[in-house]
Amino acid sequence: MSSSSADVLKISILGNESIHVGFHLLPYIFKTITTTLPSSTYVLITDTNLSAIYLNDFKASFEEAASEADNKARFLVYEVAPGEGAKSRKVKGEIEDWMLDNKCTRDTVILAFGGGVIGDLTGFVAATFMRGVKFVQIPTTLLAMVDSSVGGKTAIDTPHGKNLIGAFWQPSYIFVDLAFLTTLPTREVSNGMAEVIKTAAIWKDDDFALLESRSAEISLAASSRPTGVPTAGRFVSDRSHAQSLLLQVVSGSIYVKAHIVTIDERETGLRNLVNFGHTIGHAIEAVLTPAMLHGECVSVGIVLEAEVARQLGILSQVAVGRLTRCLQAYGLPVSLSDRRITALPASSQLSVDRLLDIMKIDKKNSGPAKKIVLLSRIGKTYEEKASVVADDVISKVLCEAVTVKAATPTKSPITMATPGSKSISNRALVLAALGKGTCRVRNLLHSDDTAVMMNALVELKGAVFSWEDGGDTIVVEGGGGILSTPAKGKELYLGNAGTASRFLTTVCAMVSGSASSERSTVITGNARMKQRPIGPLVDALTANGAKVKYLESTGCLPLDIDTDGFRGGHIQLAASVSSQYVSSILLCAPYAAEQVTLELTGGQVISQPYIDMTIAMMKQFGATVERQKDEQGNLLDIYVIPKCTYVNPPEYSVESDASSATYPLAIAAITGTTCTISNIGSSSLQGDARFAKEILEPMGCIVEQTLTSTKVTGPPVGTLRALGNVDMEPMTDAFLTASVLAAVAVKPCLPERKVEGLPETASRIYGIANQRVKECNRIQAMRDQLAKFGIETDEFDDGIIIFGKPEASLFRGASIHCYDDHRVAMAFAVLSCIIDETIIEEKRCVEKTWPNFWDDLQNKIGVAVEGVELETHNQASTSAKPVSPIDQSQSDRPIFLIGMRGAGKTYVGRMAADILSGQFTDADDVFAQESHQTVSEFVAANGWDEFRKKETEILSKFVEEHRGNHVIALGGGIVETETARETLKAHVAKGGHVVHVTRALEDIEAYLDSIGNTAVRPNWGETFADVFKRREPWYQACSSHEFYNVLEAVGGQTHEEHTKAMRAECGRFFKFITGRESNRPRLSVGNPTSFLSLTFPDVTPALIHLDELTEGADAVEFRVDLLSTTGQAPTRPALPPISFVAKQLASLRLATTLPIVFSVRSKDQGGMVPSDNAEAYGALVRLGLRCACEYVDLEVCWPEQLLDSIVQLKRETHIIASWHDWTGDMAWDGEEMKAKHVLCEKYGDVAKIVGTAKSGLDNAKLAIFVGEVQSHPGAKPLLAINMGAAGQLSRILNPILTPVTHDALPSRAAPGQLTAREILQARALTGSLPAKKFVLFGSPIAHSVSPLLHNAGFATLGLPHTYRLHESEKVDQGVLEVIRSPDFGGASVTIPLKLDIIPHLDSVSEDAKIIGAVNTVIPRGGKLHGENTDWQAIHQAAAQNLDADALSYGSSTALVIGAGGTCRAAIYAMHKLRFKTIYLFNRTPENAAKVKASFPESYNIAVVTSLSSLPEAPVVVVSTVPGNSLTLDTFSQGIYLPSEVLSRPKGVAIDLAYKPHMTALLHAAEKKEGWKVVPGVEILCLQGFKQFEEWTGKRAPQKKMRKAVLDKYFA
């Protein structure tokens, strides 16, 4: 057989069989081309990556074919750089010029060999060269094979968007050689599979069924090279079954595309169908490219657009579930919460508004209406075109949260069925898989839980699943109990599916060793699953001979389960925690080696109805379980299960889920409407079917229940009866539904249910202790979330008490945190039906049991649901209107502090809690309260192991809290147990914060020696150093961040200055990690920024000079690679010790509040860290993330695996992804530079590219490059400069974080680096920084020092601005001319114009509105904005000077003296400091009363008529009266200031009077030990610094500005 022969499948398009599909086709391709497309010149266009692999084979195949055809044609090759950048006008023109240079004529045949980029580019060249020449597509990626190569679309990209310039130009042939796929990364194959799945979904349901049922074989054929014959698959005779499957699905996809193109070549209607998933997918891709591939984005789009169709009532949930599982089977993401997406910096830009905005320009749209291809079932679309869909429908699908619009259900009376029971579905899957024969299961729940169960059973080779009736029926071919282990290295991942984990534990124990290649199976799950108990089941199995190992925490997943471990015989099992343990053994018992007798121990058996359900179902599959009785005929908890093999019934119908039915029934109860559940009645196997009769009927509902249906009619709204005492043990999952009803049940409970000692309107639910170990601690969750409505609750050992309140008195606008728990979300949806504006934060958690719950709520029940986009990823779950007493913080998880005894956890924790307006708790104190012993006493009596157990139990309770400003210091040894470590790791994995507080070992030892032994701290029994060494790796592994506690003063600081600096850094750190304040400058072209590059080997000697060094800089670059413990600059690549780096960074933090750029520069990139040690580089970079640096530099030269791992840990830190070319070989107009930029944008929030200028021309090329890449929508900030003297102009023109130096630094970090002052002066000279004029308005102002203050700042930084006085008693024409002048830079405003200026401004800050005065005018984008910096100055003066011990503002008071205009700023500042009471004194009380009346009551202002009788001594005293108004002399005419006012041991006195420098108040306070004084001139400076920074965007050079003022002041 000739080597140029092959068995190909030919597909017709536009009347020609021009698509040829097969394997190993190169010889066939060139034989076909040379014989059917004769030419004088064949031009191959490919990229450099592919040419390196295939070019020799191409040339050989061409030469052989040409020789056989006696063809003397030329074979020319043109290579382009790989990547999307090649699809440009520039590259197209270069190809055309090259072809013309090579004398190519109209008979030229162009061959496009590559992916979509090459195909699109080459096709457009062919369409336009010589007005059109023939071309051939030879696609190499699966995406190109099934999509871009078929249909004749060709195009290039422009700065305005992708594919905007092109033509329809059909190729002469499309050769699809599937053998090329075996050289692709698995991710690229999956990328193409998204399009294959999409096509099957819209057109070919049989291909879709093949794709979902044979995914493993299809994936194997696409990714594995054949063994033996290298060309296996070229002919049918040597083609494997897997290859045939791959060929079938790929050719089927191509056929659909070809058929549609044939009917609608120019995309006028039908061809739009192939864009299913693309409307939303393209929008996602526009934000995430290039980090996420096209197919990955389309995969998410497919699921979301399917959900749109489901929401519209067009598509069933079964179809959505099938699509989701099929895409997942090929490794594709299916939601925006996929870890691969959330780990990307760009994911923060995936707002609903942004995506909808991008969708506006979709080519399918007609005008403003958005069009989406809607499925009606698998294999068929709703219309033969894209359908118009409203924005609110799309928005609801995209939003992560929903709000239920409180109203009476419009569809009442309602008759509906709920999804299949999760409990029955999971049992049916196990029974049918273990049984013999085929079973058709109907009404199976299609959810996350059942999906993982099915996937696991397939991995165990226990069953084959397929679908009928459009997916409504699942066909199970049982394996008869023959199971084998998954493939090597494959774990069974179960997510948070508790039922599946428990059932599969026993299933895995019965796996046959003889049928397996591996000795054991590992089952695992997500972080929460690893906390849920499974110990009693494992104990029972191991006692029975099974070998089960805990791989992490004892008592929880993951488990390693050996084969052949289910011996049988007599098994004892503790069943007081979960009935699922019992069901697990029951279901598998018939296959044990011996007949099983199962004895339940441990007291009352939980959820007996579910055990009865399991036994009843086993009987339907042929196994009859006998429950034994005692001599009196009473049932015992002993079950005998015969050995047998299940026989599958031909059909099995899953009963609807009774737990899910409680929600629509409860909605009827709470809204006074009627609902009938058509397929659950009194004959149900499920315990929750009793909910209507036993819960709703006693609450006042009319309940009508038959064997198969349940009808509920609720009483009038607001008349539900309380439950009183009720046992919900038979239906524990339904307690959440009962709880939300009890919250608004205000009529007295039935007399027989009354609980002594509780009100008649209380509901006491018991028998639900197991609900603490479900998806979350549901009892605690219910209490925390009900509190947001103002509902009071209590709990006891196995239940909860709810005190009902009228719904009218409840808080509106609560934002409900769902804990990823479906039942929490659906329960609060019930309450939301009468409490408006309630937000359910995690709408998707309902997918566990009722994926289309929100759609059914609107479409079937008639309660409107709207999408809600939360403000941030850690949006508050505690917001409510009116403001409730619950914490209003941004993050909803507590902050844990860990670290060695003596590291400073209490010191840091107290400051952190105060800064976050929260609570501090020492876990050891909680332990002492609960155990009534100190830790030392407890350890002495019970030992360390028992203490660690109790300590971990306390930790577990804290973890369940949802108060983001609760700071908890844990004991130093919390990391000693695996369980506690895993709990902390899980907390971090969920986005929680665990901060390792640390100090140098010797510092901690010295501190502990200084305080000696204490009664509350037990001895370790080993040396401190040994304990430190053992725990340090655990602290690192369990924490998200690290806070290095520097207790000694740095940079010449006094003790007082050090204390202030520590508080400032503590505030920055904790506000930063919790997302409250980023401490980063605004990066934009209009706001040029720079950072100072520190080049010291040891920064500590320079800290005293840091204020001067950082003048004009917006950040400080901490060059880690230049550090050295010797204090000498490193001369060869070396790694500074991490502990040394951490301390250096912490010391630097105490000397500056500027953001830090944490840079670890490798040798090849111009630094001193070795370039061959990725692990060490990664460790140093991760330290920057752990220490909460605002920016971390990440070199993109390192392996992608390292880069990906670092980006996933970034949290609030912004990554500066960098590339430095020290050779000068990379040209700014070259493709390599574009490729580096793409890489930097992929990994960074900021891209940094540094070239080397050889001439001034390189700066011009750089400017062109920046202009091109920054013109793309969504482009990230770009720092692009040239090194060398010739590149200095690029530094002057660069607006984003320009690296700068200072004359006092030991060296410049890079050649050509300039100082900040030099850059600003150069910008002024070149006109890029125009001179602005600043003024002070008011009268009298002749003696004002404001011009000195601001002009000193301008001069220090090299700014060309000026500040002058403009005296005026009113806002006259002269004032208006100044503020409307084009060179107006800003204004200070003093009396009498602070109020008069407001009508002439475009906007005023909320602060200034409340105060009623503007003292600063700021031009912003052609508009004038008013601000008040007076209150900011007062606030700063108080906060910085208050002693840390006096910082419990919430329980302290402040005093403001005076009722003039400035007092309002002082009151506002004290309110912002959270003082519980603000005393206001004025000599004329009536004026003080007027001031009080103008502020909200929440400010708690108390007018006092005498300073001698204050109810409580204040912590802060602010005087706003003239300097001589107060007196210490009782006989003086002024206001007498009694000493009692300053009787607090510590405090701050602030006098706003400009002169005298030391007023009576300040003199008195100065004599009081512990009191700090702030004179008026300091307030003037502080408010001026704020103004300077608002106007210039630069940090004020405070020392020099203050000096200029004080020199004049004291002159």
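Quick reminder: no glycine exception, Cβ is built from N, Cα and C everywhere.
Here the structure is a predicted model, which means the values were calculated and not measured.
According to Swiss-Prot, the active site, for EPSP synthase activity annotation covers C845. In the three-state DSSP scheme, C845 (active site, for EPSP synthase activity) falls into the helix class.
Here Swiss-Prot flags K1248 as active site, schiff-base intermediate with substrate, drawing on sequence analysis. Cβ-based neighbour count (10 Å, all protein chains) for K1248 (active site, schiff-base intermediate with substrate) stands at 27.
Annotation for T141 (NAD(+) binding site): same-chain Cβ neighbours under 8 Å, separated by at least 6 residues, are G114, G115, G116, F180, L181, L184, E188, N191, G192. Annotation comment: Swiss-Prot describes 47-49, 84-87, 115-117, D120, 140-141, K162, 180-183, N191 as NAD(+) binding site.
Swiss-Prot lists E195, H278, H294 with the feature Zn(2+) binding site. Neighbours of H278 (Zn(2+) binding site), defined as other CB atoms within 10 A of its CB across all chains, total 25.
Taken from Swiss-Prot, the feature ATP binding site covers G899, M900, R901, G902, A903, G904, K905, T906, and the record attributes it to sequence analysis. Cβ neighbours of A903 (ATP binding site) (same chain, under 8 Å, six or more residues apart in sequence): G972, V997, T998, R999, I1004, N1045.
Over the region '3-dehydroquinate synthase' (1-391), the average per-residue pLDDT in this prediction is 90. Per Swiss-Prot, the feature region '3-dehydroquinate synthase' maps to 1-391.
As annotated by Swiss-Prot, region 'EPSP synthase' applies to 404-863.
For 892-1093, the entry in Swiss-Prot reads region 'Shikimate kinase'.
The feature region '3-dehydroquinase' is assigned by Swiss-Prot to 1094-1318.
What Swiss-Prot lists as region 'Shikimate dehydrogenase' is 1331-1611.
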Densest Cβ neighbourhood among K87, H294, R901, K905 (binding-site residues), 10 Å radius
K905
Please state whether DSSP places H278 (Zn(2+) binding site) in a helix, a strand or coil.
helix
Determine, to the nearest whole angstrom, how far the Cα atom of E84 (NAD(+) binding site) is from the Cα atom of H294 (Zn(2+) binding site).
12
When the Cα of C845 (active site, for EPSP synthase activity) is compared with the Cα of each of the binding-site residues D47, K87, M900, G902, K905, which one is closest?
K905
Which one of these binding-site residues, N191, T906, has the sparsest Cβ neighbourhood, judged by other Cβ atoms within 10 angstroms?
T906
Please classify the secondary structure at K1248 (active site, schiff-base intermediate with substrate) using three-state DSSP.
strand
Nearest recorded site to H294 (Zn(2+) binding site) by CA-CA distance, among binding-site residues R901, K905, T906
K905
Please report the distance from the Cα of D47 (NAD(+) binding site) to the Cα of G904 (ATP binding site), rounded to the nearest angstrom.
58
Rounded to a whole number, how many Å is the Cα of E195 (Zn(2+) binding site) away from the Cα of V117 (NAD(+) binding site)?
16
I'd like the number of other C-beta atoms within 10 A of the C-beta of E84 (NAD(+) binding site), please.
16
Which whole-number value in Å describes the distance between the Cα atoms of G902 (ATP binding site) and K1248 (active site, schiff-base intermediate with substrate)?
41
Non-local Cβ contacts of G899 (ATP binding site) (under 8 Å, 6 or more apart, same chain)?
K905, G972, H996, V997, T998, Y1035
